[in-house]
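According to Swiss-Prot, the protein has these features:
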- 19-34: compositional bias 'Basic and acidic residues' (COMPBIAS)
- 1-35: region 'Disordered' (REGION)
- 65-87: region 'Mitochondrial targeting sequence' (REGION)
- 66: site 'Low pathogenicity' (SITE)
């Protein structure tokens, strides 16, 4: 933990960030504007990168032939042909 210019000491206790005031009391700290802006930028960038990859993976997955479905389809078609021949 370091002290930056214009930024009070910041202590991280578990998931709650607190800042130490001049009188020694700790108060809950709101996230610094720059870190909030940076996180928003990071999330936006990750969404732009991750979403197209997810779409590509889904398209690949959907384009793959599912062996079980192919097996069932051929089995049903064979039975249908046999059944229709007997009638």
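Heads up, the Cβ atoms here are built off N, Cα and C, so glycines get one too.
Counted with DSSP, the region 'Mitochondrial targeting sequence' (65-87) comes out as 20 helix, 0 strand, 3 coil.
On the 0 to 100 pLDDT scale, the region 'Mitochondrial targeting sequence' (65-87) averages 76 in the predicted structure.
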